[in-house]
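Asks: Below are the features I grabbed from TrEMBL:
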- 405-488: domain 'RCK C-terminal' (DOMAIN)
- 6-22: transmembrane segment (TRANSMEM)
- 29-48: transmembrane segment (TRANSMEM)
- 54-73: transmembrane segment (TRANSMEM)
- 85-108: transmembrane segment (TRANSMEM)
- 114-136: transmembrane segment (TRANSMEM)
- 161-183: transmembrane segment (TRANSMEM)
- 189-207: transmembrane segment (TRANSMEM)
- 214-232: transmembrane segment (TRANSMEM)
- 238-256: transmembrane segment (TRANSMEM)
- 268-286: transmembrane segment (TRANSMEM)
- 292-315: transmembrane segment (TRANSMEM)
- 336-356: transmembrane segment (TRANSMEM)
Amino acid sequence: MDVFIIIGSVLVIAAIISTRFAQHFGLPALVLFVLIGMLAGSSGPGGLEFADYQLSFYAGLLALAIILFSGGLDTRYRLFRASLVPGGLLATLGIFLTMLVVGLVAWALTPLSFLEGLLLGAVLAPTDAAAVFSVLKGRGLPSRLRGVLETESGTNDPMGIYLTLALTATLVSGQVGVGGLVAGVVVQLTLGGLLGYAFARALAWLINHVRMDAFGLYPVLALAGALLAYAGTNLLGGNGFLAIYVVGLVLGNRPLSHRQNIRDFMDSAAWGAQILMFVLLGLLVFPDQLPGILPVALLMTFTLVFLARPLAVALTLLPLRRVTRHYHFSGKELALLSWAGLKGAVPIILALVPLLERAPNGQSLFNIVFVVVIISTALQGWTVVPIARALGLAKKEPPTPPLRLELGGAAPPGSAIYDVFLEPDHPAVGHSLAEFRQPEGVVVVAIYRDGALIAPRGSTVFRAGDHVYLLLGSESGSVSAFFAGRED
C-alpha cells in the first residue's frame, strides 16, 4: 500500500511541476500529464503495469464531471447567454458535421469501414472543456469568441458521447436506427438542461439556508450535490454532463453563501481531476503500438484540424448572419474559432467505449485517437494565442491581482470584494476618492500600489497601475456604477 501511495504522490508532484514548463512554453498542461503517464507505464522507464480500461473509463467520466462543474462555476451568465446560440449550434450541428467529414475521409482513404470512420469522427469531434478553459483563460481573447468556445466545450460532450455509444452499438449489433438516434439526442439534452437547473436551485437553497460551523463543509456539500445531479440525471434518462455544467453555471451566477470558498475548492478539485484523468490515460498507451497507425493518425489530424473543423464552423455559423448582426462573425473570427477547437481527454475517454465493447478495430481506433489528440492539442494549444495576436483579435489582459481580499465565513449571499485594475486611460485616474459618489452597497476598502496596501481616504488620488478593491454588499451593487458616479 505504501508503495502505491509513493508512486501516486510522485506522479502527481511531477504533473504539478510540469505545469510550470507548460506555462513557460505555452503548451497545454494536459499534453505533459499524458506524457508523464506514458513514461510511467509498462513501455516507459517507469515500468508500471496498468491496463484497466474499465477503471480508467469510469475515472475519466467522474473527472470530466468535476471539471465541467468547475468550469460552469467560473462562467459568467451574461457571457453564456450571449454565446448560447452559436456555442450550442457548434455543440450539436458542429459535432455532427465534424463527424461526417472525418468519417468520409477515413472511409475513402484508410482501411476503416464507413461505420468505423463515422465512429472515429464522433470520438474526435468534441472539444475539451479542460483544454479550452485552461488555454484560453487570461489570454486576452475577445469575450464573445471566448464565450462561444467555452459554451461549446461545456455543452458538446452529450452529443459526442451519445453518437459514440450509438455508433458503437451499431457496429457491434449491426442494427441501425437513425430515428431513435435523433430522438435520443433531443431527450437527453432537454432532460439534462431541465434537471440540471432544478438540482441547481435546490442545491443553492440548501447552501444558503443550512448553517454549519465548519466552513470547509460547504464546498464538499456543493460537490456532492453536483455529483448527485450528474448521476441522478443519468438515471432519469438525461445527460449528466450537461446537467452538472448547468448546476455550476447556476450556482456561479446566483447569490450564494461561501461562493468564493466553493470556487477555490472546485478549482483545486478540477486540477486534481485533470491530473488523474490524463496520467491514467497515458498509462493505457503502449508506444510500441503507435508507429503502425502513425500514417492514418497524421492523415486524420490534418483532416480534423484543417478540413473538418473549419467546415463545421463555417457551415454552422455563417447562416447566423441572416438572423441578427450580433451573430455576425468576420473571417478572422471564424478562423480563430476553427483553430481554437482544442481536443483533450474527452476523445480519448470516448475511444475506450469501442475498446470495452469489443468493436472491430477497437484498439487501433484508440491508438489513432490518442495520437491525433496529442498532436492536434500540442499544435493548436501552442499557437492559438500567437495566431489570435496575428489576426488582431487578442488584447493585453490586466495583470493578475498581486493579492486577493475576500470575505470569509458566512458572508451575505451576493457580497464580495472585487479587484479593478486602473489602466492609464481609466476615468478614475487623477481623481480623488472624495470626487466619487459612493452608491448604496459599494465601498472602496483598499488600494494596492507599488507593493504596498493603502487604506483609502477621501483625499487619496487614484493612479494608473492601482489595484482598487471594492466591497459590494449585495448583488444590487455595481462596480461600474461607482466609477460612473464622479461629481463634476
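Note: Cβ is positioned from N, Cα and C throughout, glycine not excepted.
Can you tell me where each of these features sits in the structure?
Replies: Residues 7, 11, 14-15, 18-19, 21-23, 128, 130-131, 134, 274-275, 278-288, 344-345, 374, 377-378, 381 of the same chain lie 6 or more positions beyond the ends of the transmembrane segment (29-48) yet place their CB under 8 Å from a CB of it.
Cβ atoms under 8 Å from those of the transmembrane segment (54-73) belong to residues 129-130, 133, 150, 153-154, 157, 223, 226-227, 230, 240-241, 244-252, 262-263, 266-267, 269-270, 273-274, 276-277, 280-281, 283-284, 345-346, 348-349, 352-353, 356 of the same chain, restricted to positions at least 6 beyond its ends.
Outside the transmembrane segment (189-207), and at least 6 residues removed from its termini, the chain residues within Cβ reach (under 8 Å) are 92, 158-159, 218, 221-222, 225-226, 228-229, 232-233, 236-247, 249-251, 254, 256-258, 262.
If you look at the transmembrane segment (214-232), the same-chain residues 6 or more away from its ends with a CB under 8 A from one of its CBs are 62, 65-66, 69, 195-196, 199-200, 202-203, 206-207, 240-241, 243-244, 247-248, 251, 257-258, 261-262, 264-266, 269, 408-410.
For the transmembrane segment (238-256), the residues of the chain that approach it from at least six positions outside its boundaries are 64-65, 68-77, 80, 154-155, 157-158, 161-162, 187-197, 199-201, 203-204, 207-208, 222, 225-227, 229-232, 262-263, 266, 413-414, 474-475, judged by C-beta separation under 8 angstroms.
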Asks: Any chance the transmembrane segment (336-356) and the transmembrane segment (268-286) have 3 or more Cβ pairs under 8 A, given the pairs are 6 or more apart in sequence?
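Replies: Between the transmembrane segment (336-356) and the transmembrane segment (268-286), contact is present.
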Asks: Output the single range from 6-22, 85-108, 292-315 maximising the number of Cβ pairs under 8 Å to the transmembrane segment (268-286).
Replies: 6-22
Asks: If contact means at least 3 Cβ pairs within less than 8 Å, sequence distance 6 or more, would you call the transmembrane segment (292-315) and the transmembrane segment (6-22) in contact?
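Replies: Since fewer than 3 Cβ pairs under 8 Å link them, the transmembrane segment (292-315) and the transmembrane segment (6-22) do not come into contact.
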